Each structure stands twice: as structure tokens, then as C-alpha cells.
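Working notes, beginning with the structure itself.
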Amino acid sequence: MIESAGWISTAASVGMAVGPPLVYADQAYSIVKKKDSTGFSRDVCAILLIANITRCFFWLGDRFELALLVQSILMILAQLALLYICIIYRPRVSPESLGTSTRLYSFWQWSSYTQYLEFLAGLILCQAILFLIFGRSKLFITLLGFVALGLESTLPIPQLISNYKQRSLYGFRMSTLLGWLGGDLFKTVYFFLQGSPLQFRVCAIFQLSVDFAILGQRIMYGNPPPPPVLSEEEDLEQALALAEES
């Protein structure tokens, strides 16, 4: 009985470490197949990369389960790959291609993959310096945990907003949504059973509630293609063509 419980615990830990990064494999395959990342919010990559980098520093100050550290490392690698794919196959009409970004310093809407890597390298450096200075403070470590897990819990929100604007879940794979729901439900139960730090449990419940909101959007909107957005040049060409026909 004890051995059986040990195997179950080990299997749960392996699933927790490997499962969440694998959720995005089908999303990446879909983007490559269509050669178009429309419908998938690149901000998802931003949230997961920043949150998991921060979580690695949190682990240095509060040694929670090793499986969760491995999960963070694998998720960072998975999101770097997915981000690269999204940039290669980004929509032709996008804020960075049109130069219409309204974000401060065009945050996370840069044209080059190198710019994303430079930002992440700067983030790691800043967090390393802060950890060296305040790493012995329990308050700092607690706050670091809430920042990491709190940020990760907002993961579905950019997708929720994108779906609302499009009134469609076009381009967002159902497998990804089911992976979010199943994964977040599993990890919520896992955190409570393992007695993980409070940050993990509180933020997991919040994230799961947003997942269910996106499921509601799927039922309400479906996944029809959004109306095409024409550039000014295309709009002019189409108007001229219609004028010639008439």
C-alpha cells in the first residue's frame, strides 16, 4: 500500500512537471500548419516567461517541490520556442508591422525576436541583483512568490480579452483550453494535497476561475474566423477594382 502511494505521488509529480509545458505543443503545431498565429495572444508567452523566471528565484528562497521547479524550467523553454513561432507567423496586419503600438516602449510588440531575449536577459539580471541584496529577507521571498504566482494566475486574461474583442475563439485551440482547464484543476488539487505554499493555492483557484470564463466564451462565441482587416493600401485597391467593375 505504501509502495502504491509512493508510485502515485511520483507519477503526479512527473505529470505536474511535464504536463503544463506540453499543453502548448498542439498550439505551436497549429500555428506552423496554418502559418498564422492570429487568435493566439502573444502576451500569454510574456506572462509565462516572466512568471516562471520569477518562480525560479522564489524557489531559491523557499525550496518548494522540485517538480514545480522542473516545470518552470521546461515552461520557459517551451514558451521561448512558441514565442519564436508566433513571431515568424505573426499576422501581416499587426501593431509592430504597422507601427501603431500604443504600449509604453511598444512592450512585447517588438519586431525582432532578439529584442524579446534582451528584455528577458535584463529581467534575469535585475532579479538576480535583487535576490543577492534581499534574498535573506522572508518578506522579500514571500512577496516574490506572490508576484510569480499572482502573475501566472493572470495567464488566461489576455486570451479572455482577445476572445471578447474578436467575439470568437478562432485560432485558439480547443486542446489548449482543455489543457488549461485540466492542468489547472489538477495542480489546484495537487497544491492542496501537497501542502504547497499559500501563494500556489490562492493563485491556482483564481486562474481556474478565469479558465471557466473562457470556456463560457467558447460556448457563447464559437470559433468563426474574425472579419478580415484590410490595410489602407488594400482598401484603396479594392475600391478601385469595384469602381472599374461598375
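Cβ atoms are placed via backbone N, Cα and C, with glycine included.
Feature annotations, courtesy of TrEMBL:
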- 6-24: transmembrane segment (TRANSMEM)
- 44-60: transmembrane segment (TRANSMEM)
- 66-89: transmembrane segment (TRANSMEM)
- 110-133: transmembrane segment (TRANSMEM)
- 139-158: transmembrane segment (TRANSMEM)
- 170-192: transmembrane segment (TRANSMEM)
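When Cβ-Cβ distances below 8 Å are used as the criterion, the transmembrane segment (110-133) is approached by residues 49-50, 53-54, 57, 60-61, 83-84, 87, 96-97, 140, 144 of the same chain, each at least six residues removed from its ends. The transmembrane segment (6-24) is in contact with the transmembrane segment (170-192), judged by 3+ CB-CB distances under 8 Å for residue pairs 6 or more apart in sequence. Sequence-distant contacts of the transmembrane segment (139-158) (same chain, at least 6 residues past either end, Cβ-Cβ under 8 Å): 41, 43-44, 47-48, 50-52, 54-55, 57-58, 61-62, 130-131, 180, 197, 199-200, 202-204, 206-207, 210-211, 213-214.
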